[in-house]
Amino acid sequence: MAQGHGATISMVLLGLGLALAIIVPIVVVSWHRVHCGPQAFAHAAVAADSKICSDIGRAILQQHGSPVDATIAALVCTGVVNPQSMGLGGGVIFTIYNASTGAQWIGVPGELRGYAEAHRRHGRLPWAQLFGPTIALLRGGLRVPRVLSRFLHSSYLRPSLHASSLRQLFFNGTEPLSPHDPLPWPALAATLETVAAEGAEALYTGKLGQILLEDVAKEGSQLTPQDLASFRPEVVDALEVALGNYTLYSPPPPAGGAILSFVLNVLKGFNFSAESVARPEGRVNLYHHLVETLKFARGQRWRLWDPRSHPEVQNASQDLLGEALAQHIHQQIDSRGDHQLSHYSLAGTWSHRMGTAHVSVLGEDGSAVSATSTINTPFGAMVYSPRTGILLNNELLDLCWRHPRGSGVTPPPVPGERPPSSMVPSILVNAAQGSKLVIGGAGGELIISAVAQAIMNKLWLGLDLQAAIAAPILHVDGKGRVEYEPSFSQEVKKGLQYRGQNQTERPVFLNVVQAVSQDGACVYAAADPRKGGEPSGY
């Protein structure tokens with residue numbers, strides 16, 4: 001296990017088919033009164049994708065809970081407020097920065113076992129206390145959140161939802177629930193009460209797990225008691241890459257930290273700054289280089305195979321972080337964007353479309369947590385356990401989406417293989433200046449593009465945190481075509497088209513980034529307005 005002053009830990013936890021990650025460093029406590037502006041906090045902050053869950057995380061911090069405590073409480077809440085994105089039936093990746101120790105590790109269980117392992121290592125409050133606020137929310141008369149209702153009414157999802165076991169939870173007859181309709185969910189409230197009292201093992205080896213298995217067996221699931229009981233944490237080193245004065249810590253494969261690191265490592269060599277993009281041609285040049293880098297990144301996604309199951313990619317992530325590959329890619333990028341797909345090693349890969357939720361937390365002592373959780377596609381497998389209130393994930397679908405069927409690029413899945421993921425809960429640390437950026441995103445395949453651009457906007461272009469996240473993004477699909485968020489600059493789009501960049505339309509853009517940063521004495525937090533998020537702090 002790597003040791004070092006102010007080191008970072010990344011602990012990846014895979015749940016009924018997915019993953020968790022953790023990062024860790026040095027206590028910096030300021031006892032004098034700090035006066036920060038209206039968009040900043042003096043002590044600590046939480047950024048979740050809903051105000052109520054950010055508030056729950058903040059309350060845990062104010063009760064002297066650790067950032068891990070606050071993150072778990074906010075995630076439990078998010079599983080109720082945004083059940084289309086995450087929940088107890090999914091998986092989670094924590095990246096944890098512990099300001100009082102110096103170990104690096106990564107662990108792999110399911111969602112609840114991920115919470116339990118993170119709490120065992122870095123929790124401060126009693127386990128049950130982290131579930132109380134969400135249990136009260138469920139018992140007090142939950143109303144349908146607006147974002148959830150948008151998913152329920154989606155013309156794409158609605159027919160499948162109505163035909164699934166989720167109909168009993170989210171429909172009133174033939175009509176999906178609307179914003180502010182009552183959402184009775186007593187089964188989940190009872191499950192959370194059991195987990196709070198008995199611990200995570202209630203779901204994995206206890207009566208609760210048996211009930212879950214009986215429910216999903218009626219839906220055709222082949223999940224067994226051995227499957228539930230067999231998930232165990234696995235400890236590995238976090239990835240780290242130098243980005244100027246900052247060090248980026250992120251989770252290794254099968255999570256997406258290596259690809260995010262590759263993108264930023266290549267881009268840093270172009271030395272973009274606020275001055276270099278002050279004029280239109282400078283902005284076009286920036287985004288051209290970004291698009292080309294994202295194309296090369298798509299060509300490297302095979303490196304996200306599970307290294308446990310595919311020894312041939314054991315060192316692939318370290319290659320992505322190396323300066324040699326970054327310099328090679330630099331030489332391959334010119335002023336044109338109309339090269340053949342083979343130039344980028346692209347093979348027309350299939351993709352995740354959207355999903356997941358993210359929480360970022362920074363505590364008073366400088367400790368931080370970046371956590372991303374998912375049930376994969378919206379509403380996961382659309383399989384509901386009515387007696388436990390749990391929605392099941394369809395994470396194994398990602399083993400099919402790595403490359404088109406029959407392409408010959410990807411080896412067939414093997415038993416026990418962890419699916420690849422775009423999740424990149426990350427923490428950037430500038431030890432010399434005491435600055436941090438705790439960041440991550442949701443949105444399936446959009447995550448890496450969105451998080452990379454938010455980091456680029458904040459660190460290199462000088463945007464404040466909220467503007468860095470709210471700025472329109474672009475994305476590159478598996479065929480090297482550029483997808484633009486609807487409000488993206490028309491001037492830049494025309495400039496990129498002139499350089500030979502092909503574009504295509506994306507049916508839905510739902511890229512969501514949450515972040516907390518510390519610059520000087522103040523803590524800044526931003527939750528993505530695209531999903532109606534709002535941070536909370538003190």
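A Cβ is built for glycine as well, from the same backbone N, Cα and C atoms used for every other residue.
Keep in mind that this is a model prediction, so the values were computed, not measured.
The active site, nucleophile annotation in TrEMBL covers T356. The L-glutamate binding site annotation in TrEMBL covers T374, I375, N376, D398, S421, S422, G444. The transmembrane segment annotation in TrEMBL covers 12-31.
Taking CA atoms as the reference points, T356 (active site, nucleophile) and S421 (L-glutamate binding site) are 11 Å apart.
Least packed by the Cβ count within 10 Å, out of the recorded positions T356, S422, is S422. Taken residue by residue with DSSP, S421 (L-glutamate binding site) is part of neither helix nor strand, so it is coil.
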